[in-house]
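S.K.: Let me give you the structure first, and then I'll get to my questions.
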């Protein structure tokens with residue numbers, strides 16, 4: 001029977017379908033992008049804005065800020081809070097809990113009539129779910145995906161963020177002309193579909209096998225591993241994976257229960273790993289691509305375009321989606337380090353050229369289109385071209401890779417906490433960038449791109465000196481690599497020894513058992 005089971009060829013089809021469902025069942029970027037279009041819809045402004053002395057409704061900067069920023073506040077809290085639920089209730093349980101919280105937040109927003117308090121509270125509650133799931137999804141996919149495909153499947157995480165942004169722009173464009181609450185309720189309420197999709201996972205989402213083994217549920221872990229590999233439970237692949245995970249988890253758990261401070265301890269170089277995860281998220285947010293989303297319409301208008309802000313958003317969203325698709329292949333063929341280094345170099349060049357061209361050729365903000373000179377329009381066209389190239393390059397390299405790195409760099413005992421810290425860093429700087437960038441741009445204009453240029457140069461140096469290559473390694477082999485102390489610039493050629501040690505240990509145990517059995521047989525025969 002065992003021999004017949006071993007003849008079954010393992011397949012990762014179920015693991016791939018699972019990762020696709022998790023990635024696209026929750027389009028995180030949608031909730032971030034949809035509000036930007038709502039803020040300029042007449043019905044939204046009438047319901048949640050203020051009246052001036054002439055009786056006209058307007059949405060003050062303070063009200064706009066609180067409506068948008070409450071989501072970011074919620075995401076920051078949620079990203080940290082999921083570390084507690086992921087350990088206590090498991091990865092599967094956490095996905096369901098935070099999906100329900102997100103859905104409640106969306107329902108509160110959609111049902112709002114005239115209360116700005118209600119819509120901001122709804123956005124905060126939805127933000128809790130978005131932030132928590134932004135950490136759980138790479139955690140779950142990192143623990144269930146086969147190592148040869150882990151990078152590609154984790155890139156799906158970034159792709160669904162970009163697809164979510166793009167869809168939000170498309171729905172805003174489709175409904176903004178309506179003169180009633182449907183103009184904003186339809187695009188906001190559609191998020192209930194994403195929440196319902198993930199909640200349906202209660203019927204078929206398996207728990208992470210690493211979490212099951214870490215909590216002593218060996219038989220359940222065997223069932224999940226067999227399911228993920230498309231083989232019977234008595235297949236040799238299942239036993240091999242169980243042995244590898246058992247060996248690694250025992251080594252990880254020697255120090256007792258993990259604490260938040262352990263994420264920054266010298267044990268197994270955890271401080272380096274957590275620091276890298278947080279720093280890559282910080283650099284990602286200060287790449288400059290978000291600035292083009294905020295000010296893309298201004299740049300396009302400087303070139304004399306007649307496109308509306310809604311169309312401009314759709315264009316940038318489409319470029320982002322197109323850029324993320326090649327990353328599905330490049331993340332495994334090029335690896336993590338090469339992707340980050342290439343992206344930093346390309347985006348730095350785009351920021352430098354766009355910043356200087358914009359500063360020296362664009363007309364002052366607010367200049368009437370009929371007053372734009374040929375030089376102004378040429379400068380605008382050039383800046384637009386490099387803005388599109390920048391967004392495209394970001395989507396290939398720095399958009400997905402930091403999330404891939406975050407999902408595969410930590411040992412089981414601190415994985416939820418370390419991923420939470422990295423994800424929370426992303427949301428914190430997302431909030432700070434959205435809050436301060438417009439004010440800085442009002443003061444220095446396109447020269448703000450020089451700040452992003454400097455950050456990208458710093459990012460190139462940081463990746464070269466501190467970020468090792470993790471392509472093709474299991475999560476346990478990543479742990480071994482950090483313990484080995486290999487230099488990041490030599491890490492692409494590093495080879496793991498964990499599997500060899502495990503096989504030698506297993507062989508020694510088997511030889512010992514056979515020797516013991518043979519001696520017992522000899523003694524019996526002599527007697």
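The backbone N, Cα and C atoms fix where each Cβ goes, and this holds for glycine too.
All annotation found in TrEMBL is predicted automatically rather than curated by experts.
What TrEMBL lists as transmembrane segment is 14-45, 66-84, 96-117, 124-142, 154-174, 186-205, 310-328, 340-363, 383-406, 418-438, 444-467. According to TrEMBL, the feature domain 'Major facilitator superfamily (MFS) profile' maps to 17-471. Under the heading region 'Disordered', TrEMBL lists 505-527.
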S.K.: Could you check whether the transmembrane segment (96-117) packs against the transmembrane segment (186-205) - three or more CB pairs closer than 8 Å, residues at least 6 apart in sequence?
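M.R.: Yes, the stretches contact each other.
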S.K.: Does the transmembrane segment (66-84) reach the transmembrane segment (186-205) with at least 3 CB pairs under 8 A, where each pair is 6 or more residues apart?
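M.R.: Answer no: the transmembrane segment (66-84) and the transmembrane segment (186-205) share fewer than 3 Cβ pairs below 8 Å.
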S.K.: Would you confirm whether the transmembrane segment (383-406) and the transmembrane segment (186-205) meet the contact rule of 3 or more C-beta pairs below 8 angstroms, pairs 6 or more apart in sequence?
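M.R.: No, since the transmembrane segment (383-406) and the transmembrane segment (186-205) share fewer than 3 Cβ pairs closer than 8 Å, they do not count as touching.
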S.K.: Going along the chain, which residues at least six beyond the ends of the transmembrane segment (124-142) come within the CB cut-off of under 8 Å?
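M.R.: For the transmembrane segment (124-142), the list is 19, 22-23, 26, 28, 31-32, 70-83, 85-86, 91-92, 94-95, 98-106, 108-109, 150, 153-154, 156-157, 191, 195, 198, 208, 403-404, 406-408, 415-416, 419-420, 422-424, 426-427, 475.
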S.K.: Taking contact to mean three or more C-beta pairs under 8 angstroms, with sequence separation of 6 or more, is the transmembrane segment (14-45) in contact with the transmembrane segment (186-205)?
M.R.: yes
S.K.: Residues sitting near the transmembrane segment (154-174): Cβ under 8 Å, six or more positions beyond its termini, same chain?
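M.R.: Residues 19-20, 23-24, 26-34, 36-38, 137-138, 141-142, 145, 186-187, 190, 310-311, 313-314, 317-318, 320-321, 323-325, 327-328, 331, 395, 399-400, 403-404, 407-408 contact the transmembrane segment (154-174) from elsewhere in the chain.
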S.K.: When you scan the chain for residues with a C-beta under 8 Å from the transmembrane segment (444-467), skipping those not six or more beyond its ends, what do you find?
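M.R.: The answer is 272, 275-276, 279-280, 283, 286-288, 291, 336-337, 340-341, 344-345, 347-348, 351-352, 354-359, 362, 365, 383, 398, 405, 437, 488-489.
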S.K.: For the transmembrane segment (340-363), give me same-chain residues lying six or more residues beyond its boundaries with a C-beta closer than 8 angstroms to one of its C-beta atoms, as numbers and ranges.
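M.R.: Same-chain contacts beyond the ends: 280, 287-289, 299, 302, 334, 371-373, 375-376, 378-380, 382-383, 386-387, 389-390, 393-394, 396-398, 401-402, 445-450, 452-453, 456-457, 459-460, 463-464, 467.
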